[in-house]
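Participant: Input: one structure, supplied below.
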């Protein structure tokens, strides 16, 4: 007998619980197969600690200082050093006011970043707590689902298909498990674990179900020890690369401006040393978008919180930008497009065995089901009985074989009242037919019934039985007999059809990926209005392709298909891979352990509600509510978040260009030295205003969106260049002419550099901040209502700027108030030259889209002799495309959507077709039948479904 040791010694690992016999494990851990009591579990938790890895607590001070350690902050810090080190010349003291101002700007920016990120981090931690792994544990003699963190050595847990093992444990009696240990050992194939073997925390159960006794938790597990040996890797994501590219563009623009100033001011113009340094400081301070990392990270954090409120928890923050760009969604049918609430029509049950009625077929199916911890099919089978207890009435359960994706069936070995042994099995018809080694006539009859069911959108479930004369659960038993076929109806969700229509309008192509038969997939697709261009999974391997699509390569077939049927997990992975090769941003939904590779491969892996731990672990977004509508809502929210970030980046690039080139030309042409301190005031007011962009109301992009750096830089350069030019023109009119004095009766500022400084400051401040209203809107800026917070922040900032320009009298900043008359003139000037900004924005977008060149070179629109610019051809192409997409006509070898035809043109044709259909509908209203059908169509009801399932 093993020497008894204390729990403290077990914690210190003085005994090797992995190698000793299982009975000694119970003895050493002072526990039984009945599990621990709740009190004992709580006391052991004090000894062993929670079952999770130690979290590194980052210093708050270091985290705060970290916000000052990035390339954009380095430039500002270099400017601060310049203000006191290099600006100490020409008999003037160091530029302390600019130094203090720069430090204040950095501290303000870091404080806002720290507070917002801390709040977002707390919110994210609360959300992720909801995703904390759960496990089935035996406490006080009852099985219950608990958080894995409460597990202690000695607990009895249940491990089933799809579970991530929550702690190191030894397996108890039962069938062997298949365990995927690739995350720990790198083994690519699942390993077989027999009773008595150890399973490691972090590995995944791929097949089987078994109980186990916990022997190590938290940092004492194999996974916990390994985690201490490796440092976390810092992968640079796409979002970080975009930030770096935009930051580098701004820094390079500033560097070019500074280089030009240095070359012109010192060797050519022979300016004073200190004047040159002051001008360089203006470009450095004003050009750097110091708030960019803060604004973008806060925007993403707030957006992530909003997504969680809609039922989508983001595990990876940058998944938001990928969700905004998603253009293909591969969706499961069961549970996502349908309710996953199955029912059986007793009248359609088909009996194959002699001396058996339909009720016995249902009873046998219920016996081959779980009575607890059920999935949807088990619950349906047991629920069809008058009393669920009948499933185990008069029999004694010997062994239950749970469902696994390979065998696709469940089975129960049981003993009846006469002490005879039997085995019942239910599962996929093909697997059950092979199990029974059915004759050809039986197979033909089964396939015929399956086709009839499928035409009505019904899935098939087969039932078989056999006797076990050897009276042993390991014995093969007698020959399997095919007993019957059951039709399962899984009704579509009430909102699926409308959601799919919304998805198509948003430019997201929804493809149904299902393991069901092709006929079921087509019928579901027809009911949901997503098309009937469905193909069997065999077509992905180049087999069983329809003659109409035989010439299509696999990639093109996947792209054009509305969905695939009879799909296995490896097919899902292949579908995602091929779509990505065609440059699509792909989303994939999944719920099972075998979906994990496809979820990992997809740009956005989406674990649906009630997904297994393995699917959640592989996904980027976890849904807390069922259905497709949650995903589409998340797409819209993601696009709104992305739009805010994109709006800000265009604004940041524009401001850099306008500050750098505006002040550079003024400094070089007129040798006028703008005050670096006043640029600091502009930067501080700008940052305060721009922080509100993270909560701005925006109109999401109507199509999938992504980081188009070419568009961001082009728009920023053009808008910023225009603003710089308007500032230069304003300064010329104020400095060299009496235009404003003559036209508006204000005093001339030509002889007062200090008053000109105030006027120039106000003009730059107004037009710089007003630009955000242009970059935030897709159409005319005055038609899209901004968020109230942004409007209030803008008004406060510009009120402060106007008061400074009117009343300030700061000798250190060379500023003197210019009066209310000039303030009014500057506001009028800014408003007049603000108006063309929208037109320029539209022009840039139009040129970059390529439509301008297409119209000019390809369509020759300006010189065409066709009436209505070839409208008839476009309508014909649209009609052909629609007929093909909905299975009414096979596709031709030629490209259906000629690339010359823009999305907008096709949309216009679609709108015209809708209007004609609406007119026809209104004419139908004159008949009673037409009125009833029209109302039904308007409410989105399916008349055929109503007729099938409801009778009077």
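Placed from the backbone N, Cα and C atoms, the Cβ positions cover glycine too.
Copying in the features that Swiss-Prot gives for the protein in this structure:
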ACT_SITE  332  active site, 4-aspartylphosphate intermediate
BINDING   591, 595  Mg(2+) binding site
TOPO_DOM  1-64  topological domain 'Cytoplasmic'
TOPO_DOM  118-246  topological domain 'Cytoplasmic'
TOPO_DOM  300-646  topological domain 'Cytoplasmic'
TOPO_DOM  697-712  topological domain 'Cytoplasmic'
TOPO_DOM  776-787  topological domain 'Cytoplasmic'
TOPO_DOM  839-952  topological domain 'Cytoplasmic'
TRANSMEM  65-84  transmembrane segment
TRANSMEM  97-117  transmembrane segment
TRANSMEM  247-267  transmembrane segment
TRANSMEM  278-299  transmembrane segment
TRANSMEM  647-668  transmembrane segment
TRANSMEM  674-696  transmembrane segment
TRANSMEM  713-733  transmembrane segment
TRANSMEM  755-775  transmembrane segment
TRANSMEM  788-808  transmembrane segment
TRANSMEM  818-838  transmembrane segment
Participant: Using a Cβ-Cβ cut-off under 8 angstroms and a sequence gap of six or more, which residues of the chain neighbour residue 591 (Mg(2+) binding site)?
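Facilitator: Expected: 332, 335, 607, 608, 610, 611, 612, 615.
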Participant: Determine the minimum-neighbour residue: among 332, 595, listed as recorded positions, which Cβ has the fewest other Cβ atoms within 10 angstroms?
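Facilitator: With the recorded positions 332, 595, fewest surrounding Cβ atoms within 10 Å: 332.
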Participant: Which sequence positions outside the transmembrane segment (788-808), separated from its termini by at least 6 residues, show Cβ-Cβ distances below 8 Å to it?
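Facilitator: Non-local partners: 681-682, 685-686, 688-689, 691-693, 695-696, 758-759, 761-762, 765-766, 769-770, 772-773, 776, 815-820, 822-823, 826-827.
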Participant: Same chain, outside the transmembrane segment (97-117) by at least 6, Cβ under 8 Å from its Cβ: which residues?
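Facilitator: Answer is 63-65, 67-68, 73, 76-77, 79-80, 83-84, 87, 281, 285, 290-291, 293-294, 297-298, 301, 676-677, 680-681, 683-684, 687, 691, 694, 812-813.
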Participant: So which of 247-267, 278-299, 674-696, 755-775, 818-838 is most in touch with the transmembrane segment (647-668), counting Cβ pairs under 8 Å?
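Facilitator: Highest pair count goes to 278-299.
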Participant: Please work out which recorded stretch in 278-299, 674-696, 755-775 has the most C-beta pairs separated by under 8 angstroms from the transmembrane segment (713-733)?
Facilitator: 755-775
Participant: For the topological domain 'Cytoplasmic' (776-787), what is the mean per-residue pLDDT, to the nearest integer?
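Facilitator: Result for the topological domain 'Cytoplasmic' (776-787): average pLDDT 86.
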Participant: Could you tell me what the rest of the chain brings near the transmembrane segment (247-267), counting residues at least six beyond its ends with Cβ under 8 Å?
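Facilitator: Sequence-distant neighbours of the transmembrane segment (247-267): 71-72, 75, 275-276, 279-280, 283-284, 287-289, 292, 652-653, 656-657, 660-661, 664, 667-668, 713.
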Participant: Helix, strand or coil at residue 595 (Mg(2+) binding site), per DSSP?
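Facilitator: Helix, per DSSP.
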Participant: Could you tell me what the rest of the chain brings near the topological domain 'Cytoplasmic' (697-712), counting residues at least six beyond its ends with Cβ under 8 Å?
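Facilitator: Tertiary neighbours of the topological domain 'Cytoplasmic' (697-712) are 238, 242, 245-246, 321, 324-327, 505-508, 585, 636-637, 639-640, 642-644, 646-647, 649-650, 653, 776-778, 784-787, 844-845, 848, 903.
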Participant: Please report, as numbers and ranges, the same-chain residues at least 6 past the borders of the topological domain 'Cytoplasmic' (776-787) whose CB is under 8 Å from any CB of it.
Facilitator: 644, 647, 651, 692-693, 695-699, 701, 837-838
Participant: From the DSSP assignment alone, can you count helix, strand and coil residues within the topological domain 'Cytoplasmic' (776-787)?
Facilitator: 0 helix, 0 strand, 12 coil
